[in-house]
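Down below is the structure, laid out as structure tokens.
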Amino acid sequence: MPNEFISQSLSTLTNTPLNIQKKLLPITKYRNQLLYAVEQNQITIVLGHTGCGKTTQIPQFLYEAGWASQNGIIGCTQPRRLVAKSVSERVSLELNSPPGSLCGYSIQFDHNVSEKTKIKYMTDGILLNEIFFDPLLERYSIVILDEVHERTLSTDLLLGVLKRILEKRNDFRLVLSSASVDANKLSQFFGQDKVCTMSIEGKLFPVETLFLQKPTENYVDSAIETVININSTYPPGDILVFLSGRKEIEYCIKKIEDSLIHASEDCQTLVPLPLHAGLTVDEQMRVFNIYDGDFRKVIFSTNIAETSITIDGIVYVVDSGFNKQRIYNPYTRTSKLINVPISKSSAIQRSGRAGRTMRGKVFRLYTEKAYSLMKEEFEADILNCDMSPLVLFLKGLGLKNILQFPFFVRPPTVHLMAALEDLYLLGVLDESGNLTDPLGIQISNSFLDANISKALLTSNQFGCTHEILSIASILTAGEVFYNPTSSSKNDAFVAHSSFFANEGDIITALNVFESFVGNKKDLQWCRKNYLNYQTLRQALDIRTHLVRFLNKFSIPTAQRLPSSDCSKILKCLLDGFVRNVAHLQNDGSYKTIGGKQVWLDSSSVLHEKKTPWIMYSSAVESETQIFVKNISKIESFWLDKYYKREK
């Protein structure tokens, strides 16, 4: 196939007028069938491959049919922030309306909606929060739960909540949209007499699937070799590489950047781009940038690119065959991320990314036998995570007996019991399992982790609300230090050490944040000191939201300590992280109050300091050990009142 023809094919969709693009989408010919199904049934399940137009067109069909004219607006949930924002902007373009006007979006810490908004894209967590203030979702005439197959904790919660709302609102409609969900299970859950299922048929371009003849010893290095081989051998077309996590992505990008130095002049110049949840939405949006013919995008992504988003120009997919799965241990209160083989459903979704605009190829870095042994579907998050957020949410809705909630899949009892115990010891639940007043009620209204929320809500008693606001924001935003893997690693350590505090990691992070604000939030200052500018900017945004949160309960937010004594800050944090304490053992490890052996994370400023007593914010389990993070030095006598309560 001539290169000129391929280049033209790649740009066809981009250069086609919007109205023609919409007509070319497979879902367009199902418009009337969809509207009739929604009119006649409370619940409509729409099955269709990624890219058929479900996410962008269904809300527009409903808007044009009058579903947002009188009784409420149209809501569309997404599991991921990137999708909610990017799709909203795309639909605004198609409607010839300014973003945030007729169509808007709402994601955590970022909202672009107005009184004129009739179509609202949002993360599933945002809709859950709205239920606190609008229990029957009376603002909405219809809600579309998109990508329901991803089975996040929020999605599963929404399924149960929406089932209850449907029982009380005959005028309410629900659309469940997915590329690969089991429609029969959903129909049985909601009641088959209420459900209509329709499939969107649409022909993808042919995709050639290539398997390995024998297993690879290192799929990450194999992915890099495959990318370089594609660039030197195959015609133009962008490349999408599926990996399991951030470290693998960063490793591959560095290797590709290094390879560009020795690349042949006959090849296109590769433009390596990351795509994972650790990036800001603006950073994620870079994958949609269009480059001229001398350049070839290679996107290294987690499963975020499996569904929901369609990146024009992808012709080649490299599938590692692995994904990260979080496993929660209710006995140790720790979680670990492990590499697991993907499901067959995910493998099919990944290969489909190559056939969007022209013929494609998928390079599966595993054998046909490995594929045959894969599970059909991935496990739901509700089976493998801490249940504290779920319990808080349901208690906030006034549910006395959690087991009466209509779970699509019931969480393990041991996970629920662990969450109930933790929330009781934190003072969020009373002995009857009800929210305490005011603390429990306030925490149930917070988007923060319950431990951080308690520290924040009690900070005025310690006179350090100003500092705890900043700390809560940093802990929520993520890692403030940028740790390069290059020759500048030592320079970064020297820069970071100027912020180190004897009290530990959290006061160190507070030093960074306050210095960032004191240096006028300057990007160049962050680069000079090897700090994550985007994380610090996000922490500022989170802090603004937290100030508003405290204002709702008339809690003063300007209180700050008059001196450099950090003990009150640490005592306040201990009020929230009372279970997360440990004392030093002879072998250098630590023993928690629950008797578990843990080790300090190597990145901690207290690593190898042999601090007698510590407090930590989180624990991560490896194959053989438990590591604690965000560590602070505490005094043993601070624990007296808490130990008395536990006994």
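Note: Cβ is positioned from N, Cα and C throughout, glycine not excepted.
Annotation comment: Swiss-Prot describes 35-199 as domain 'Helicase ATP-binding', evidence class sequence analysis. Among the features that Swiss-Prot reports, ATP binding site is placed at Gly48, His49, Thr50, Gly51, Cys52, Gly53, Lys54, Thr55. For 146-149, the entry in Swiss-Prot reads motif 'DEAH box'. The feature domain 'Helicase C-terminal' is assigned by Swiss-Prot to 219-398.
The binding-site residues listed here are His49, Lys54; among them, Lys54 has the most other Cβ atoms within 10 Å of its own Cβ. For the domain 'Helicase C-terminal' (219-398), the predicted model reports an average pLDDT of 90. All chains included, 22 other C-beta atoms sit within 10 angstroms of the C-beta of Cys52 (ATP binding site).
The ATP site is defined by Gly48, His49, Thr50, Gly51, Cys52, Gly53, Lys54, Thr55, and by the 8 Å test on Cβ atoms against their centroid, the other residues of the chain that qualify are Leu25, Pro26, Ile27, Ala179, Ile200, Gly202, Thr310.
Secondary structure at Gly48 (ATP binding site), taken from DSSP and collapsed to helix, strand or coil, is strand. Within its own chain, the motif 'DEAH box' (146-149) has Cβ neighbours under 8 Å at 54-55, 76-79, 83, 155, 159, 176-181, 186, 307-308, 345, 377, counting only residues six or more beyond its boundaries. A sphere of 10 angstroms centred on the C-beta of Gly48 (ATP binding site) encloses 22 other C-beta atoms. Considering other CB atoms within 10 Å as the measure, the emptiest surroundings among the binding-site residues Thr50, Thr55 are those of Thr50. Counting Cβ atoms from all protein chains shown, Gly53 (ATP binding site) has 22 others lying within 10 Å of its own Cβ. All protein chains included, Gly51 (ATP binding site) registers 24 other Cβ atoms within 10 Å of its own Cβ. When the motif 'DEAH box' (146-149) is classified with DSSP, helix, strand and coil residues number 2 helix, 0 strand, 2 coil.
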